[in-house]
Every structure is written in structure tokens, then in C-alpha cells.
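*Asks:* Below is one structure. I have some questions about it.
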Ligand code: NA
Ligand code: NA
């Protein structure tokens, strides 16, 4: 069969590249299946692509973990502010027992996770002033994703939160509907947000975003054990490749943003600690919706690999 | 597979199956051929319209409804009459001027044509012939989506993604709308003089001009606030639609006082109905788009076109020719859903500016509302005048040519037409 | 049958009116809140999209009864009365198959999404698919009535 993998990322994104090279090559040389990667939301919007994989309309989907909120709400803990110090720490947690727990949740919703990939640390841009301490955010209108953890964090930091559709965000930033937004370097650079008045960039890394590569359990169950094994191995290899590419790209994108003339603020350890302390109440708040046990189990898992 | 799906779509259309269901039937056949689970049908159709930018459609429809019921149209027409009523073809110029005024507050062609027709069909058929009047009303309706605000542009931007901004598109529509309006006025004057239609309208009097224009002035607030707010960044285009509704309601309730609270439910229902028949086409068309996508049609088509020409302008002319044909048979919104995802990336390969491509694309497709067999504005004009499509097609033709000519001008003189949009930044 | 149909029509009309009202009020309220309270209403995006989906699929069925869907009728106009009825009824059967499939499809989606909750509203994602099923089912009723009638309805634009 032709295994369709759907995504909202573009062709050049590390995930699209790793899957259309490493994953496709491995699957096509070890099984009779072919692989087609459909980037740029060609097959639908994110929520829809997830449903498509659940129902077996398409084989797989690779999108930000944020979109799996309806299926696996527990993923929300990985969005907690200032929780990971480095990408290696994040990978260790996701590849360990905590990640296995999440994978079981996905299975119950008809999805098999073939890999947790990196979307990246999210960083803050704005048009008003350099952000060095939490107080600098006071009164700034920041565009956020429709994610309760994100919103709670920025409200805690004193910003006004704006929820505007991504399709309207560039124009709205350009026209000053809001002052700033937050995204990984790759997004900021790809969409040239510096052309939308975003003069100031802080390497806040306030959230670490995960990209989930999940496939249809329904379709997997229909394949032979050998094919299943080959597909899982292909997923593992592609995930490793993607993480490598993503790390390289992150640096490249940051360099490009500096070259574009953005004023980049690099936080010192003390400055970062001030943000971490200021957002601690969010851990409490999120515990109330996702369960305090879930949150503390996660925090322990993170500290265990420190 | 794509070919079978396309053939089924055309067969279904010819047999009189409504466009939306012709898309659905073709898509369903594709799903069957691709052996997809049955959930795909409801899922595809629901998600295709589960999109915030598309909300602009009901908003501008409702704003239009409220302005008609609130007597705003009559204000515009009376003001236009004092200004241009006494020229050769007077009432024709009044129609064009009112059409421009209406277009600056409304986002859709159908609402505009219906509003113009309700007030001007009678005087037009007394001065001119009934077919000429109906044709003029249909053509003036088309100014609605060209002059901002424009739901067509919002739909285009929502499909094309973040690379293209609605304010830029809006400003890009201003010059073409003005050129089209002036050319139509010239044509109306010539025809009126050649066919010996009598002079109409009151003699020009400053007192009348001052009185009527002052009375119509508050209506001007709507485009200033709505378009100004969108371009100035106070709110997004979709939200601007909601603001337009609130302002139209306020003007009708407190200024003209012709609008009653009891008018609201029926206005909302009407807006909902006219919206629904458009959006269900978008929903159903997405099933066919999905089949084309999994069949890799965009890539195949892209390769085919690139093998035909390397010149960007020839490419634009090719797209223009194709859209004229597509516009004859297809509701424009459905055409955006199906064709923008295919052709916008190809345009990028040719190095055509995104905004330039969008303007050519939108202007050409809008003309399709005036061309048979599927011409939404022709249907509206027939409804208003009681004529059949065949009776007015001949009179509509010159207006169609004027609008197509402007689209061609945009192809060849991007620097002229992209000058205004740069001020959106 | 016709009385039941008219009753459901009125219920759908009321729902459409309420949804349009809801969309306008919620989006306006969001703009006001953003400037007045310096705080976006997070639920507005999802709520207004939900209302919009409801409008679209409820209208789908009502518009069948009113002949509001855009169709190419030039071939039909050239046919004799008997052939015209046959072509028209054949078309209705095709649309009926489509609507039947859509109904089944929507019901499966409702069941599959019943345990997934929306992001900002305390509702199951299924509610996005409920109007699809309702619209498809009601369309089937309208198609049956149209089939018995056997003639294409003139486009009616006004409502009470
Ligand atoms: Na307009
Ligand atoms: Na047409």
C-alpha cells in the first residue's frame, strides 16, 4: 500500500526531510509498501490529520504535540514553562518510562507513536522592548496558541494574551493588533516575522515543543509482523535523524534571525531563574486540571535525568 | 482516479445535480476507488469549513441584509442621484455610483446586486430596456467583492496561508474597482447616447447635493471604521465583519430608524441561508480536492505547465484563460478551494509575486459570476427582472469584457496595481 | 409527512438564526474584551466555528426544499416533460445515496469523537459532527418529498 504521512510543516522542515528520506527509504527497501509525505496541510488541518490517522484514512501524521490535546491530555505537562534545561534532557524523559506511559494513551486512541521528534524551544519576539525580566512583559499583548498552559504562563508573567488564528497572525503583527508572539526559531525565521515589526527576540526557551510522529493502529494491525517491525525501525531511525537535523537548524535559524537585524537578548542563568520562579504557580494550576499526581510524576521524571 | 472523479463531476453537473452535491458525488466515488474508510466523507466536509476566517462570509452577508432593511441603500442612491443623475444615461450612472458606495460597505456581490435591484430595477427599465438594466445591476454587483471589504479576498487569503495578508489584498482591489466603475460609466454613457435613451434625473442643484450627501455621510463611517480598522490593525478581517454587522445595526436602528428589532431574526436567517449554500459547496469541493491531492495532481499539473512555458507572464495568461473557463462552470468559492492550493505554489516557482497572482486570480474568478451557465449574478438579475438568462446574456457581455480587460491589465502592469497595497505595511 | 417536514424546517430555521446570532455576538464580544478588558476570550474561536459548522449543514437540507442550491439546468430545460422528470428523479437518487453515506459517516464520526473533548469548551468533539448527521438525515426527507413531487422547485429566496 501507499503509506500517506500528513503534516502541516513544509518540505524543508527537518521532520518532512527525515521522513521522506530515512523513513521512506527504509520502509521501501524492507517492505512492499511505498511512502508519500504530504506536507503543507495538503491533506487537511492538524486536528483533521490526526483523526485521519485514527480512522485509517491516512497512515500517519506528524504535528505538534499541542494538537493531541483531545486524545492525550496528559501531554499537556510537557508544555509546562521552563521545565527542560536542554533538548537531551527532554529526549531522555520522552524515551524513558514517562514517554512509554504517554504511548499507551495514544494506543487507546488508535494511534501508535513511532517517535517523539523535536519542534523546538519556543522563544519570544515583540515590537516594543527587549525582554530581560518578567516585569518587561507587563502590558504587552502577546499572541499565543490556544493552549491553556501557554495562556496561564503568560498571564502569570503579566502579559495580555491574544488568541488569533495563525493564518491571521502575520498580518495582525504587522498592523500592531498585538505586540508580540512566541515560536521556535524555525517558525520565526520561515515566516520572516522580523518583517512584521518583531524587532526584539529573547532566547527565552520558555516552552519546549514536541512533535509527535504517530501512525494508524488500525492500519498497522493489518500489516505482517515483519512489516510492522520494519516500519517501527524506520520510525526510530527517522526520529534520530530528525532530532539531529532540528538541532542544526535551530542554530542556523537563530543565526539567520541575528543576520536579519533582530535585536537578540540572551538570558543569563539568573535571569532565566527569575522567569522560572515567576511561573511556578502555573504548575499548581495545571495540576488542578491534569491531576497533581501527573504533574509531580512528570517533574520527578525530569529531575531524575538531570 | 482523478480523471474518473472529474468526469463524474461534470456528468453530475450537466444532469442538473446541484454543484455542491456534484462535488460530493465525485468525491465519494474517489473515496470508494481509493478504498478509504467511510468516515472520510463527514470528516472532510466538516473540517473544510471549520475555519475561523470563513466566518467573514456570514458577517458581511448579515451586514448587507441589515443595510438593505435599514434603508441605507436608499440614502446612497439619493446621494448618487444628486451627483450624477443628470448626465447621459443618468440612472445608469446612479446605479454604478451606488454600486461603488454599497461595495465599500459590503463584502459580497449577491447582496449588492439584490439591494441595487430592489431599488433601481424599475427606473432602469423605464429609461433603458429591461435586459440592459438587469445586466447593469449584475455587473455593478460584481464591484462588491472587488472593492474592499471583500469576502472573496478573505477566503483566498484563508486558503493561501500566512504568506498573503488581507489588508494588502484589500488595497489591491481599490484601483481595479475604480477603473471598472469608470469604464462601465463610459460604456453606459456611449450606449445611452447611441441608442437615444432620454435624459433622466433632476437638474444638478448644490442645495440638493449638500442635503443628500450630508444625510448619507454617517453611512461612510462604516467603510472608514471597518476597512480602516482592518488595515490599521485594530482588528482582523473576520472581526471587521462582526464590527460591520454592529455598525449596520446601529445605523438602521438609530439613524435611519427604518430597522426594527423584529427585523433581526429574519435578517440573521437570511444571512445564514445565503452563507450556507456557499459554504456547503466549499465543504463538498474539499472532498474532490482531497482525491486530487492524494493522487499527486498538484505535482503532475505543475510539471505539465512548466513544460509548456518558462515565462511568468505567459503562465499568468494561461491561468487567466483557464480561470475564465472554470468561472463559467463553477461557483467562485469552490474554485478557490480547489485551485489555489494547486496554482499558488506553481506561481511561486515562476517567481510571480504572491499578491500579484492573488489579484489576477480573484479578479478573473469574480468575472465568472457574470458568465453562463453558472453565473450567480445572472441568476440574481433574472430573479429581480423576471427575465431568463438567455435574455440578458447579450447585454452582460460588454460588462464582462470590461472586467476581463482590467484583469489582463493587472497581468501586464503589476507595478501599477501593486503600488497601493504596499501602504498596508 | 409534509407537516412533519415543515415542523423540522422551522426548528432548523430557529437553530440557524440562533447560531448566526451567537457567532456575531461572540466575535464582537472578543474584540470588545480585547480592548476593554485587555484579555482575549479563549473560547470564542472554537465556539464561533462550532456555530458556523451548524449553520452550514442545517442549511444544506433546508436549501434542498427551497431549490436554493446552485445547479446547471440548461440541459434539463431542453428536455421533454417525461425525460425531464426522469433526469430530475435520477439526480435525486444520486444525491440520496450521497446523503445516506454522509449520515452513516457522520454517525461513525460522532461515536469516534465522543471521548475527545474540545480545547476551550466543556463539550465532546462529537458536537461538530452532530449537525452533519442532522443535515444529512433531514436532506433525505426533503429528497423523498422532491422525488414524489417530481419537478424541480423554483428558487425561493424569502423566508418568514
Ligand atoms: Na466590498
Ligand atoms: Na460563470
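Keep in mind that glycine also has a Cβ here, set from the backbone N, Cα and C atoms.
Nobody curates TrEMBL annotations by hand; they come from automatic prediction.
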*Asks:* Can you check which of B:46-68, B:69-91 TrEMBL lists as transmembrane segment?
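*Replies:* In TrEMBL, the transmembrane segment feature sits at B:46-68.
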*Asks:* Do you know which of B:9-34, B:269-294 TrEMBL annotates as transmembrane segment?
*Replies:* B:269-294
*Asks:* Are there three or more C-beta pairs under 8 angstroms joining the transmembrane segment (B:216-235) and the transmembrane segment (B:241-257), sequence spacing 6 or more?
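*Replies:* With 3 or more qualifying Cβ pairs, these stretches touch.
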*Asks:* Sort out the residues at least 6 away from either end of the transmembrane segment (B:396-420), same chain, that have Cβ-Cβ distances under 8 Å to it, and list them.
*Replies:* 135-136, 138-139, 142, 171-172, 174-176, 179-180, 183-184, 187, 313, 316-317, 320, 324, 353, 355-356, 359-360, 363-364, 366-367, 370-371, 378, 381
*Asks:* Should anything in the same chain at least six residues away from the transmembrane segment (B:46-68) have a Cβ under 8 Å from its Cβ atoms, list it; otherwise answer none.
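*Replies:* Counting only partners 6 or more residues beyond its ends, the transmembrane segment (B:46-68) has Cβ contacts under 8 Å with 102, 105-108, 111-112, 114-115, 118, 149, 151, 154-155, 157-158, 222, 237-238, 240-242, 244-245, 247-249, 251-252, 259, 263, 267-268, 270-272, 274-275, 278-279, 282-283, 285-286, 337.
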*Asks:* For the transmembrane segment (B:216-235), which recorded stretch in the set B:132-157, B:169-190, B:314-330 gives the largest number of Cβ pairs separated by under 8 Å?
*Replies:* B:132-157
*Asks:* Express the predicted model's confidence over the domain 'TRAP C4-dicarboxylate transport system permease DctM subunit' (B:7-415) as a mean pLDDT, rounded to an integer.
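*Replies:* Across the domain 'TRAP C4-dicarboxylate transport system permease DctM subunit' (B:7-415), the average pLDDT comes out at 88.
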*Asks:* The transmembrane segment (B:358-384) vs the transmembrane segment (B:269-294): three or more C-beta pairs under 8 Å (separation of 6 or more)?
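*Replies:* When sequence-distant Cβ pairs are counted, the transmembrane segment (B:269-294) does not touch the transmembrane segment (B:358-384), since fewer than 3 lie under 8 Å.
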*Asks:* In terms of Cβ proximity under 8 Å, which residues at least six beyond the ends of the transmembrane segment (B:132-157) contact it?
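*Replies:* Those are 53-54, 56-57, 60, 92, 95-96, 98-100, 102-114, 116-117, 120-121, 124-125, 164-166, 169-171, 173-174, 176-177, 180-181, 184, 188, 191, 223, 226-227, 230, 237-238, 240-241, 244, 282, 332-333, 336, 340, 358, 361-363, 365-367, 369-370, 375, 377-378, 380-382, 384-385, 387, 391-392, 395-396, 399-400, 402-403, in sequence order.
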